[in-house]
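According to TrEMBL, the protein has these features:
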- D189: active site, charge relay system (ACT_SITE)
- H260: active site, charge relay system (ACT_SITE)
- S579: active site, charge relay system (ACT_SITE)
- 66-155: domain 'Inhibitor I9' (DOMAIN)
- 180-618: domain 'Peptidase S8/S53' (DOMAIN)
- 694-798: domain 'Subtilisin-like protease fibronectin type-III' (DOMAIN)
Amino acid sequence: MEDIEIPYFPVLNIKHRQVHHSALLQDHLHYTLHMAITRDSVSLYKLWISVITILPFTQTLSQPENYIVHMDLSVMPKAFSGQYHWYLSTLASIFDVSDSSTTRATSATLTASSKLLYSYTHVINGFSASLTPSELEVLKNSPGYISSIKDLPVKQDTTHSPKFLGLTPQSLAWKVSNYGEGIIIGLVDSGVSPESQSYNDHGMPEIPKRWTGECESGTQFNSSLCNKKLIGARFFNKGLIAMYPNITISVNSTRDTDGHGTHTSSTAAGNYVEGASYFGYAPGTASGVAPRAHVAMYKVFFDEGASTTDIIAAIDQAISDGVDVLSLSFGLDGIPLNEDPIALATFAAVEKNVFVSTSAGNEGPFYETLHNGIPWVLTVAAGTLDREFNAVLTLCNGISITGSSLYLGTTYFYEVPIVFMDGCHKVSELIKIGPKIVVCQGGNDGNDLSDQVKNVIKANVTAGVFITNFTDTEEFIQLQFPVVLLNQKDGKTIIDYIKNSDKPQASVEFRKTNLGIKSAPSVTSYSSRGPSTSCPLVMKPDIMTPGSLILASWPQNVVVALNNSQPLFSNFNILSGTSMACPHAAGVAALLRKAHPDWSPAAIRSAMMTTADIMDHTMKPINDIGFGNKTQLASPLAMGAGQVNPNKALDPGLIYDVNSNDYVRLLCALKFTEKQIQAITRSSSTNCSNPSTDLNYPSFIAYFNAKDSPSNSTTVREFQRTVTNVGAEMSTYTVNVTPMIGLKVSVIPDKLEFRAKYEKLSYKLIIEGPALLDETVTFGYLSWVDVGGKHIVRSPIVSTSLSPQLSKKN
């Protein structure tokens, strides 16, 4: 489930597009991924086995343990066509020495085969095996042996996203903030399932005395269900009932009948839950980003609909109750600021020093699809995690190949016939195959892959394996039908095996989880892109956080998926969307609010943006996977300032602060009328004597879109900014600007010298370019670099020929 998108009507229907592991995905389709290889062959290994046989070997009764063994591929004898047989012979050699019979080679190979767990190709050069300590000692003398490590029990920090963001018990952000202790995160959503273990209050501090909220009783919800974790539960549907007087609210309470609210709130601040998983996928210990923060739920989304009046009432109540942070995973499209209930209500929240995190929407990858482009809130894009869900295909020649899958049906298919059908475009041919695994050359675009998946499903075969370089694969792996996705390289391995085997067969094991994917994070395809039509002069989105395939709590009586048309239930669910990204940012804001209680919402936003990461884990620029099989650098209009880094945000060096008057000056410059501005600010009078489009924001967007100007004419865009020193008293920063093709970019002055903490200094950014930019979007970065090397305060710069039309109504 993702960002809840609401068509603009007095009464709103929730639109759950479910860019996620869609439990109720009726159409069975959508997207792809990748895998691993190994080879076989024997001979010549006895030349060095004879050397090993002179080594002492003693049978022991000690318990075998699993070891991961790293091998030097350059040592592999040429007689072996691939690693698998080399690894197998290496293992066989250590068992061969203990058997003096004439059949010892065969016996040793069989023993080795039972000991070999996995032959790795991509993750490491090596294998894993179950060995006694004495067997391991013999193995260490084998040619090519580099090292080995014991396979220890793993406890992941799931949703895993806190750890992916650098949050561990040793991290500064958790240490300094004490895991967000005492901060109250309010969520306006579909309610909560209080029985979830994510809301247990073990280790929680007392409820803050400033808290004035309530835990309201209602249908299937007693106020006693609240505790020191879940401290508030209210529901709002008066507007909905007023619009439809004859409506009957089936569950008239804060109880979550949808799952969305339980998922988002546990992502932001869920307590620790051991043994969490989604039918074996993503196993580990679950926690939210701020596990010691308190949760308050404000339910406005019911099965029967939602009303803007109820949304405003909920935010208003949250402010009154005393929340510190608001997380809003929903939005309205094409609505002017003065009519947007989120913009209206959150302006008041920010004035009351409440930080507001909102979702960018799920209409990507196209430009100008973003909602919640509100200058005073944080607008959050969705990125990927360094985690994959896999299936392992084991061919009968011993080669194992890993592919993408999130299939929830049968855990294991054993030695099933496998066939290659090239492009699976003819259902009439596929139907003839019967109970076999079908391998398809799946194409490199979503439509072709989607058609082939549909065809294979209709053919009623055992499973489908699709070879593709298409990158936007998330929905394809979450079907009721078993689908495995391979990249082209691994696909060739499986095709070669099928073509060269008389009776090709394969086994498939599902429910595998792989961590540490180095290409993460990337921007997801569905995350909505800027610029914002509600306020084009402020660059949006602001930041990116994990939103793809996020594990979090789920109501135990709400269906998570279907298997053979039968409903499945789970205490955890895996969802995707900017709805999942938004509470991650809210959790980070809670940590920063605890660490810096004197910071304004704008200061917290600034710290998150200027310290964000623009590189993935390979130290290459973050990519955008929204364009099929094409690799494209992520623009700030897709990912904002970059991937949030909580530990860096704790100490940003400089901040860009903004107050309510600054927002009013911007609204004046955008030509909003006095009445329209008053609708937002609630002020009885508006002073528009000093309007300014130049909000003191930690990002820049410059428009070069004068289509009627002469071809040789130039345009100059200037931006004034003021930064506040929150670092060392005596600090000097020098500027560094990324070159931008076709543009002349300069900064005056190029050095800022601070003499006191909280001192403010200003600078000007000047961008000169053609009246009409050749490129749709070009971007770079302005960085203030601390001469001491401690801080880099980075702001994205976007120049564009786009012409977003400001949403504004009289």
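Backbone N, Cα and C atoms are what each Cβ position is placed from, and that goes for glycine too.
Whatever TrEMBL says is automated annotation, not expert-curated.
Note that the coordinates shown come from a computational prediction; the quantities given were computed from them, not determined experimentally.
Taking the Cβ of S579 (active site, charge relay system) as centre and 10 Å as the limit, one finds 34 other Cβ atoms among all the protein chains shown. On a Cα basis, H260 (active site, charge relay system) lies 7 Å away from D189 (active site, charge relay system).
When DSSP labels each residue, the domain 'Subtilisin-like protease fibronectin type-III' (694-798) comes out as 0 helix, 62 strand, 43 coil, counted as helix, strand and coil in that order.
S579 (active site, charge relay system) sits 8 Å from H260 (active site, charge relay system), taking the Cα positions as reference. Its Cβ taken as reference, H260 (active site, charge relay system) is surrounded by 29 other Cβ atoms within 10 Å in the chains shown.
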